[in-house]
Amino acid sequence: MGTNSGATAGINNKPVGGAAVLGVGVANSAILTNSLGSGGGGGLSISGLGGQNANVGGLVGGMGGAGGGTGNNGSDDSMGGPGGGPNNQQATTPQYTIPGILHFIQHEWSRFELERSQWDVDRAELQARIAMLLGERKCLESLKSDLTRRIKMLEYALRQERAKFYRLKYGTDPPQLNEFKPSSNDDGGIGTDVATDSEVPYSSVSNTTWRQGRQMLRQYLAEIGYTDNIIDVRSNRVRSILGLNNNADHDGVGGGGGGGGNAGGIGSGGENLSPNINGNESNKRASESEGRHTPAKKVQQSNDAIILDTEAAVMANFEFLGPTEMSDDDEISDDLEMVATDNEDTDVKMAKRPKSGKDMLTEDLEAEVGEQLLNDMNLITEEVDGSLGLGELAQLTVNNESDGAYDANAKDGTGGSAGGAGYRKTWNAKYTLRSHFDGVRSLIFHPEEPVLITASEDNTLKLWNLQKTVQAKKSASLDVEPLYTFRAHTGPVLCLGMSSSGETCYSGGLDGNIECWQLPSPNIDPYDCYDPNVHSGTLEGHTDAVWGLTTMQNNIVSCSADGTVKLWSPYTKEPLLRTYTAAEAEGGPSSVDFVRNEVDHIVVAYNSAHCIIYDTETGKQVIKLEASQEMSGNTGKFINKVVSHPTLPITITAHEDRHIRFWDNTSGTLVHSMVAHLEPVTSLAVDAHGLYLLSGSHDCSIRLWNLDNKTCVQEITAHRKKFDESIFDVAFHATKPYIASAGADGLAKVFV
Amino acid sequence: MKMADGSTILRRNRPGTKSKDFCRWPDEPLEEMDSTLAVQQYIQQMIKRDPSNVELILTMPEAQDEGVWKYEHLRQFCMELNGLAVRLQKQCSPSTCTQMTATDQWIFLCAAHKTPKECPAIDYTRHTLDGAACLLNSNKYFPSSVTLNHRVSIKESSVTKLGSVCRRVYRIFSHAYFHHRRIFDEFEAETYLCHRFTHFVTKYNLMSKENLIVPINEEENAAPGESEA
């Protein structure tokens, strides 16, 4: 047994010295020593066992170890040692050797280690995936709440805009409050519930107007290329993101509505009518107590609150306006049109409004409401849970069917309101006239050719031919290069007139002179030789800036800051025919025009905000245009421009107080008055047929009005501001479809 | 705060404003100008305040892009040069000044044409101003965004154009000075334009010194009498 113990010692040594990896090596050495052992039994380590059996056992054990011997490795007997080995039957029971077993254990251990590390890797991977999904979910959630907020903001903005336009168009409050009755089919449970329970006339209406708002939003989106399909796909996507389906939506809404039937919910609903945050807070409390369905209800309520807030704000805004003058049937369609035409300006205007100091009060109100609205939204979105957002989104799509009908109606309405014309032209900026160094004060078209002249504060006039263009880079609009520059004024040029033949043009300047020009050919080379005959005369007589100039046949009439209005017949021996001076109380004249449907009459606007019509022959005042009550206290009603209707005895005035007013020349009374722009109206032009009126304002936009029903047909933002001025002049081409605007930014634009 | 100011001061020239009241409003600090044409407004405001204080007018506000600053000033020069052109038109005819000259050293060719031409002085003047107006208003070289705010800059290739505009435009001064001295003096007394221009091109290194042939008061006070041609 000495060998045995030696072997044991050897074995005992082995695991210590050899690592698990050496296991195979051990088996090999066993085999190796086996063959050596038959040769004469060396004293080498394991194989020092001697006897054949032991050798075989060692071999088998080694084999078992190498093969991962499954069966009997656990039995102590076989572990018993090589001493017992020779007694066992070799064929049936494999011989286990200590080194084999140890080797096996080592191997197993390493396998387990390997697997464990594999699991660790897997776990880490899964954890990462979980984190990622969580992040994704969070992202989607915030996206969703953001979208919700956007929807609300858009709705709010639309509402405000609609109200604004309504006000501008009719000069009265928007009448939606009374005009629309909800059709019972369309209304969800909410509307009716609230209406019956809390005696609130607004709620159902606001539901309708809300839908209307949504409709408008849809149109808006359609305009920018969002078809209904896309919208639907999107909302479906959003819903699938939320992991809910349509049915759930309906249930959510219905449930919310049903929840509203409970006393608590209604109580809070009633409170929401007063536009303050308290209402919402009580709402929150109610929703907390009401469990799962209430959040949907709450959105609804908050929406109502927002709508009511908005309406309250609108009401407050319009309180200063007079009583209702008219309300058209096609109001909806008009509103839609205006939204359609104006959408790109909305932001600009909203951003700009705070600048106009006059409206501070209303502005503050608006700002306040806006802020409050934001608060409300935050309140909502902060606690957004699945069902809440859902209620919102469901609202967006549930009413699809009714929308279709609505669309059709709207379209019919539009067709009708277009004055039976069937189609309507939309004006687009086509030509940009850039060459002036400073504001363009005035512009006038040639009566026949696509040619116009601009007059600028840079002391020059320029002649432009719209047929000689340069393609501007990267845009659809064309740049026009000026053909000729008229230089004679020594100060800013303020006004322009053109003879009916289009051969002669007149300009009045800050220097007090009226210059007469023979128009060069519209095909002249811009860098031709100087022809002194283009400047064909100066009418001297005014002692201060000439601000207004207009022509009729061969005569021109001008008004000046020297307080006089002068009638001229240029190119005659005594060009100055007559001077008209008003009473001191009227102040200086600001604008002048010939009365177009009456020979020998001129109409002059004075600083007093009155217009006086003179007979040019007698020099006597014919009539004074003044409205007894409206014009009392004329501060701020300053007239920037007066024009005469080409065919009717009507005078139109543009005022500093943002109004355009229409006067009857025969009775001298005010016929119509409307808020036309967001800032002072500076310029007016009537087309040759007397159907359309064009107005320009310091709010940077020009507006086209249908003179028949005094509605705004189109608004175009055309120029930028310099100091507090923006648009100085607008004009119609007499025979071609061109309109033009001139701005303080030194540009003139022509629209086709 | 700011809104309150805006409600009291509206910087507008309403129709009927007397010429002495034109643009007569309190100065607006550059920081408060939210218009897109702030730099032009600022420059014009400084000129209005005191046209003779050339140094102050040319002092660039902090945080101002130099390219835009030079560009806006050059626009203003070309604009005011219209005033000189108007005066020259009355006296400088193709028959009296057949060529664009200052001293007898050079005849300037008009660059407005495809091949530079020997235009009469008045044509040269008009063509140069018209060409400058087109170039400086060109949407290609000076897209309108350059004046949008103080930070936007003008691309380098366009800035180099300013130098050649300066050179050409300066010849109008020199022609007026050497051939229509009375007109030049009257105009200069009113506007200090040549004075300002000389300072401008020197300060921003837009023209070389030897090309600045019109003496301005500071350097040669009352000396230039002898050079009248």
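Every residue gets a Cβ built from N, Cα and C, even glycine.
Annotated features, as they stand in TrEMBL:
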type	residues	note
BINDING	B:Cys92, B:Cys97, B:His175, B:His180	Zn(2+) binding site
REGION	B:1-21	region 'Disordered'
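Positions of the features from TrEMBL, shown on the structure.
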residue: B:Cys92; record: Zn(2+) binding site; DSSP class: coil
residue: B:Cys97; record: Zn(2+) binding site; DSSP class: coil
residue: B:His175; record: Zn(2+) binding site; DSSP class: helix
residue: B:His180; record: Zn(2+) binding site; DSSP class: coil
Can you check which residues sit near B:His175 (Zn(2+) binding site), meaning Cβ under 8 Å from its Cβ, same chain, 6 or more apart in sequence, and list them in order?
B:Cys92, B:Cys97, B:Met100, B:Thr101, B:Ala102, B:Ala121, B:Tyr124, B:Thr125
Other residues near the Zn(2+) site, CB within 8 A of the CB centroid of B:Cys92, B:Cys97, B:His175, B:His180?
B:Leu88, B:Gln91, B:Thr96, B:Ala121, B:Ile122, B:Thr125, B:Ala176, B:His179
Lowest local Cβ density among B:Cys92, B:Cys97, which the record lists as binding-site residues, within 10 Å:
B:Cys97
Other than its own, how many Cβ atoms are within 10 Å of the Cβ belonging to B:His180 (Zn(2+) binding site)?
21
